[in-house]
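S.K.: Before I ask anything, here is the structure I am working with.
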There are 2 protein chains.
Amino acid sequence: MVLSRAECQDLDAKDPLGAFRDEFSLPPGVVYLLGNSLGALPRHTPERVAHAVETEWGVHLGASWNTAGWWDMPQSTGDRIAPLVGARPGDVLAGDSTSVNIFKVVTAALPLRPGRRVIVSDLDNFPTDRYVVEGAARALGAYEIRDVGEAGSSLEDALGEDVALVLLSHVDYRTGEARDMAAVTELVRAAGALMVWDLCHSAGALPVRVGEADFAVGCTYKYLNGGPGAPAYLYVAPRHQDAVHNVLSGWHGHAAPFDFEPHYRPAPGVRRFATGSPPILSYAALNASLDIWERVDLDEVRAKSLALTSLFIDLLDDLVDPGLGLALATPRDPERRGSQISYRHPQGYPVVRALADRGVVGDYREPDFVRFGFAPLYLRHVDVYDAATALAEVLGEELWRDERYAARLTVT
Amino acid sequence: MVLSRAECQDLDAKDPLGAFRDEFSLPPGVVYLLGNSLGALPRHTPERVAHAVETEWGVHLGASWNTAGWWDMPQSTGDRIAPLVGARPGDVLAGDSTSVNIFKVVTAALPLRPGRRVIVSDLDNFPTDRYVVEGAARALGAYEIRDVGEAGSSLEDALGEDVALVLLSHVDYRTGEARDMAAVTELVRAAGALMVWDLCHSAGALPVRVGEADFAVGCTYKYLNGGPGAPAYLYVAPRHQDAVHNVLSGWHGHAAPFDFEPHYRPAPGVRRFATGSPPILSYAALNASLDIWERVDLDEVRAKSLALTSLFIDLLDDLVDPGLGLALATPRDPERRGSQISYRHPQGYPVVRALADRGVVGDYREPDFVRFGFAPLYLRHVDVYDAATALAEVLGEELWRDERYAARLTVT
């Protein structure tokens, strides 16, 4: 039993998160289903960034390292991210990119398990995770990478007394499948290995609990609306914070940075994972979005996310002929789902282009994934209805055959 | 023979760089002598950043990775920095922080000299250089650090067949002393070692030529006015570009990032040194300042820089009683000088605070350095005159004794 457009509008009128939509500046005439790639712009971000540029930098200049809290940005911003991943303030540091943070965390973690020389990674991780693990293994030397996932073995089979560390994504970037973080963490830790989570595709989309995990990393430019290339973050479990070493040991992670001591001496806690000068303008934008996130109930986000994603699946089940080649890649079980729905389709790329021409923005990932992200703060049921009917039309009328949609853009 | 204030004003009226001052938004009522720490805000930067926030992000969203050139920012911005350090476009990549870039460059360079296990660093380098070298040595294992500089041996004595790499600052962050890049590079390369330059305190202040150097790094938030924590950069000599490996091997440095291949495969050239998603808003600000820099003649910058720094020294020679404890730390020989003048004074910290209260902004570095940076694009001769007379007054009348100036701020 699928909803009508009018019923969708009724649900939107009663949506407890409905008011948040007005806090975002959305592109006109578009159903934006790429909040899982680049989150929409919060309305008050331009003002906050302009203040950082014109007043903090332009007027107060270097004094702002103190007076505007620039120096503390990695920690103060990390403190604001912490509740979004179920961590305590003080256990999260914001900065650098996700890739750099994976490198920091993996190289810091491995020495905690001397004698164990295997890193388990998932071929279904976002590729940068696997690439950075290769780089970390190369830097440290004598580590082996064991792959799990679609093309490898199961996690259970991969675990053993030689495994030092497991790096997995909470939500798969292509299929939108969510792992049970608590259960996987328990399995990995029971095998004596360290658990590192990549939260890029889950934080802000559903309640995340780092729980007993050892480390985690994530980005802030997807569901968290921090802006393009916004500072990423890392989490270090309190039990490890003063035992680990950051090989990217820059002066911002020094115990006494302004004493200009000749040798590195790590700051207490997660601050030791800071490295160089933080890109303040990008932190300003991120903090503007966190002003919104600190008022959000993540259980309400999860409930709406499941309602929107289930509605999308149900509508497409109803509207699209099974012979048209559209295959759901995301689990039907809501518990195993992030806030993204992916389909496989042999003509995935032109399908996405044809949809975009009709005002529905999704994206494509090799080899044949069509992805739609559902950001519950600014998407409505009626948007989901319009997106599903547009997709059904593109497929049913084979609008993707238009030759304009064949040519690849550099970045999709 | 020192100039009068009126003579300074005459020089300013004839200054070929004089018109650039109007392109910067300077703090009112202040002589800003910290362009060596955080450069002033270019007037058109706010508009450029607002465009990136409101239009590129807010309206076009993810499409801007193509249409606004976001994806290419590390290379396109690096191409604009290249002429400022005497490099060719294609040999410089902008991104991350100086500290992260030092790590990338050092870990990439060392395997080019197998069998050599010593890294030469300068205790007078900015401390993060030394700290990051420690981290890189720790990550790679079995490397020794040999210190030169004030507290160590001479560079000549430090060089030997065991030295893989030498990392030195072009201009000393405390004393403002400039090294002869070409001569030092030749010495180091003649010894079979790789030369890595830190250009943080010279690029934008004088013409820099990477010449025969192997690698270089630098920041853009000092003389280059890129904004707080703006993207840094790295240079790789063409002869090394396809031979080196970036251990921070993220997807932005992959040969085919959107093929999502399971294994890392480096992009050709310097692009392989890209790692994660670039902080676009910070790149927007940096590119606004580079709009100015591409119209600047660096020989004119050098001539004015030397005129301003020489004037400052001459005025203080004339105005300050030798018994007042002020000792010049920067070489009197203009050829051995960057664009910064440092004095040592036992009460350096309260002296800087007292000066700031009189509208002259310099800074302090342990143990007793008072630093003044001279950014030739927006500083006038008359500013130098006013700063020198204010410093002479603070010292002559012992205004620094006011107890308000004793308490340390967190960050100076």
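Using N, Cα and C of the backbone, Cβ positions are placed for all residues, glycine too.
Note: TrEMBL annotation is automatic and uncurated.
What TrEMBL shows for this protein is this:
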BINDING   B:Thr98, B:Ser99, B:Phe126, B:Pro127, B:Thr128, B:Asp129, B:Asp198, B:His201, B:Tyr221, B:Trp251  pyridoxal 5'-phosphate binding site
MOD_RES   B:Lys222  N6-(pyridoxal phosphate)lysine
S.K.: How many neighbouring Cβ atoms, not counting its own, are there within 10 Å of the Cβ of B:Lys222 (N6-(pyridoxal phosphate)lysine)?
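M.R.: There are 26 such Cβ atoms around B:Lys222 (N6-(pyridoxal phosphate)lysine).
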S.K.: Based on the record's binding annotation for pyridoxal 5'-phosphate (B:Thr98, B:Ser99, B:Phe126, B:Pro127, B:Thr128, B:Asp129, B:Asp198, B:His201, B:Tyr221, B:Trp251), what whole-number value in Å is the widest Cα to Cα distance?
M.R.: 31
S.K.: Provide the list of binding-site residues among B:Thr98, B:Thr128, B:Asp198, B:Tyr221 whose C-beta sits under 8 Å from chain A at the C-beta level, in sequence order; use 'none' for an empty result.
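M.R.: Qualifying residues, whose Cβ lies under 8 Å from chain A: B:Thr98, B:Thr128, B:Tyr221.
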S.K.: List nothing but the one residue from B:Thr98, B:Phe126, B:Thr128, B:Asp198, B:Tyr221 whose Cβ has the fewest other Cβ atoms within 10 Å; the candidates are the binding-site residues.
M.R.: B:Phe126
S.K.: Using Cα coordinates, what distance in whole Å links B:Lys222 (N6-(pyridoxal phosphate)lysine) and B:Thr98 (pyridoxal 5'-phosphate binding site)?
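M.R.: Taking the Cα atoms only, B:Lys222 (N6-(pyridoxal phosphate)lysine) lies 12 Å from B:Thr98 (pyridoxal 5'-phosphate binding site).
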S.K.: In which DSSP state, out of helix, strand and coil, do we find B:Asp198 (pyridoxal 5'-phosphate binding site)?
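M.R.: The residue in question, B:Asp198 (pyridoxal 5'-phosphate binding site), is strand (DSSP, three-state).
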S.K.: Which three-state DSSP class does B:Lys222 (N6-(pyridoxal phosphate)lysine) fall into?
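M.R.: Note: B:Lys222 (N6-(pyridoxal phosphate)lysine) is coil by DSSP, not helix or strand.
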